[in-house]
Amino acid sequence: MLIGFVRHGETDWNAAGRIQGQTDIPLNEAGIQQAKALAARLSREERIWDAVASSDLMRARQTAAIIAQELNIPLLDSDTRLRERAFGEVEGTTEEDRLKRWGADWRELELGVETDEAMRNRGLEALSELTEREPERNVLIVSHGSFIAQMLQALCSDLEDSRLGNLSYSILERQEKGWRTLLHNCTRHLEQF
């Protein structure tokens, strides 16, 4: 079984450097074109994906729908557990905003940001259910940067790079004991942008 992770395409908040968290922001035109570029790449490659899953947030769902349509594969029901980290009071702010409001140590403050452990637990629960429900299918999961980084770190102890660009593409293969990385944070489909 293969699991693929794709970070959603660009939004206006990404372009402005605003933390989105669980705020439901749609793709912008660049994000739509990025999703189409990845879908075109996947359609040219050897077919390995049987279905697409995503978080319920619009930017991930839109990206997943573009890919599913191009590959002519099912778009599974969205799952709230595949959402981005909840960033609490930080959502909607830029780095400049955060420094003005809370100072340089803003990351140390209690601002309602979901913990790594909480996000990892809900994500691993969702992945466990998905792999039990779809044991013979290779599923591409469209989600969010911080969420995917946590999942990759939890599933693949050899990965240290957790910074993922928009429309980054990673592939994991299920092994007898754990997961093996086949592709990590690939964005070659975006070279035209």
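The first residue you see is number 1, and the count goes up from there.
Placed from the backbone N, Cα and C atoms, the Cβ positions cover glycine too.
Residues or ranges marked as active site, tele-phosphohistidine intermediate by TrEMBL: HIS8. Cβ environment of HIS8 (active site, tele-phosphohistidine intermediate): LEU27, GLY31, ALA35, LEU57, ARG59, ALA60, GLN62, THR63, VAL142, SER143, HIS144, ASN166, LEU167 lie under 8 Å away, each six or more residues apart in the same chain. In the three-state DSSP reading, HIS8 (active site, tele-phosphohistidine intermediate) counts as coil.
Around the Cβ of GLU84 (active site, proton donor/acceptor), 25 further Cβ atoms fall within 10 Å across all displayed protein chains. The DSSP secondary structure for GLU84 (active site, proton donor/acceptor) is coil. The active site, proton donor/acceptor feature in TrEMBL is assigned to GLU84.
Under the heading substrate binding site, TrEMBL lists ARG7, HIS8, GLY9, GLU10, THR11, ASP12, TRP13, ASN14, ARG59. DSSP classifies ARG59 (substrate binding site) as helix under the three-state reduction.
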Please state how far apart, in Å and to a whole number, the two most distant Cα atoms are among ARG7, HIS8, GLY9, GLU10, THR11, ASP12, TRP13, ASN14, ARG59, the recorded substrate-binding residues.
15
Please report the distance from the Cα of THR11 (substrate binding site) to the Cα of GLU84 (active site, proton donor/acceptor), rounded to the nearest angstrom.
14
How many Å separate the Cα atoms of GLU84 (active site, proton donor/acceptor) and GLY9 (substrate binding site)?
14
